[in-house]
Amino acid sequence: MKKTAIAIAVALAGFATVAQAAPKDNTWYAGAKLGWSQYHDTGFIHNDGPTHENQLGAGAFGGYQVNPYVGFEMGYDWLGRMPYKGDNTNGAYKAQGVQLTAKLGYPITDDLDVYTRLGGMVWRADTKSNVPGGASTKDHDTGVSPVFAGGIEYAITPEIATRLEYQWTNNIGDANTIGTRPDNGLLSVGVSYRFGQQEAAPVVAPAPAPAPEVQTKHFTLKSDVLFNFNKSTLKPEGQQALDQLYSQLSNLDPKDGSVVVLGFTDRIGSDAYNQGLSEKRAQSVVDYLISKGIPSDKISARGMGESNPVTGNTCDNVKPRAALIDCLAPDRRVEIEVKGVKDVVTQPQA
């Protein structure tokens, strides 16, 4: 009884500290153990010689980890063959069994746990006896006994763990059947492999798409290419020039931007006349670009009259009308300002 109490105390000592190196939740593990098996209370009926109580023990086990604190194990234990010798009787006793236990653990550090196992073992015990005169008898017995164990477990890697454990099993056998009813203490070192411990690859959020780039471009077209002198109707050559311009505007995606068409005249004529002519010419360009596909709410016309001449005073001394008209040709122009959105395309990383 005293030895049983000590074994239980060792098993429950695992809960006096803090810790965990248990496998991940809801995963399986399997392992093996090897150690020192010692039988207790081994008095054989009619035995008159020494009994070799210390033997080699071994086992294999598998388990399921529910969470960091609770798991279940099933295992096979070979508790060793214990010979005894005497003047009148000699023989051997051996025991083995299958156990099922609940494993209760508590983490001390990230890599180290203490634990206890509580459950039962279905065992088989066999004896062989030789008596004077050469007679030999063999007997066996089966039964169920409680199992108590306590130990520490250290995770070498997430998959590989080692354990040091002391296990106690009560009353393995029936003295009336096989001549003895020993207890067993097994001090063992074990190693286990844990399945499903690999960390899932981190999900890398895709980089946000770069903000669309707003571009502003200016185009200047000579009015003499677009219109006849003093007229606001587009010439065929002017339509061709606007067709080429439209292909460039499309690349800027004016649907997401705006287009402003500015009409300019030279200084020949009155201010009012030139203002009206510049407005008509700008509107003619707008109407044509709308017909090509630019939304009407994204484009506007503005007449600038004879303001902002580009010739400056270079034509001040030119007197003949025809020569003056030629000299002032750069002032007769249509300027187009486009603000458009262009998507920024990033190349994927290799």
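Glycine too: its Cβ is placed from the backbone N, Cα and C atoms.
From a predicted model like this one, the values you see are computed outputs, not experimental measurements.
Cys327 (disulfide bond) has a Cβ environment of 17 other Cβ atoms inside 10 Å. The disulfide bond annotation in Swiss-Prot covers Cys315-Cys327 and rests on sequence analysis.
Each residue of the domain 'OmpA-like' (214-342) gets a DSSP state, and the totals for helix, strand and coil are 58 helix, 33 strand, 38 coil. What Swiss-Prot lists as domain 'OmpA-like' is 214-342.
Under the heading region '4 X 2 AA tandem repeats of A-P', Swiss-Prot lists 205-212.
If you look up Swiss-Prot, you'll see 1-21 marked as signal peptide.
For 27-37 (among others), the entry in Swiss-Prot reads transmembrane segment, with the evidence type sequence analysis.
Here the transmembrane segment (55-66) has long-range neighbours at 22-39, 72-82, 103, 186, 188, 190, 192, 194, meaning same-chain residues at least 6 beyond its ends whose C-beta is under 8 angstroms from one of its own. Marked as transmembrane segment by Swiss-Prot: 55-66 (among others).
Within the chain, the transmembrane segment (70-78) has long-range Cβ neighbours (under 8 A, six or more residues past its boundaries) at 22-23, 57-64, 96-105, 117, 119, 121, 167, 169, 186. If you look up Swiss-Prot, you'll see 70-78 (among others) marked as transmembrane segment, on the strength of sequence analysis.
Here Swiss-Prot flags 96-107 (among others) as transmembrane segment, drawing on sequence analysis.
For 112-120 (among others), the entry in Swiss-Prot reads transmembrane segment, with the evidence type sequence analysis.
Look at Swiss-Prot and you will find 146-155 (among others) tagged as transmembrane segment, backed by sequence analysis.
Packing against the transmembrane segment (160-167) from elsewhere in the chain are residues 7, 10-11, 21, 23, 29, 31, 33, 77, 117, 147-154, 185-194: each is 6 or more residues past its ends and has a CB under 8 Å from a CB in it. Annotated transmembrane segment per Swiss-Prot: 160-167 (among others), in sequence order, evidence recorded as sequence analysis.
Here Swiss-Prot flags 186-194 (among others) as transmembrane segment.
Along the region '4 X 2 AA tandem repeats of A-P' (205-212), the predicted structure has mean pLDDT 77. The Cβ neighbour count for Cys315 (disulfide bond), using a 10 Å radius over every protein chain in view, is 20. With a threshold of 8 Å between CB atoms, the same-chain residues lying at least 6 positions outside the transmembrane segment (27-37) that come near it are 54-65, 79-80, 161, 163, 165, 184-197.
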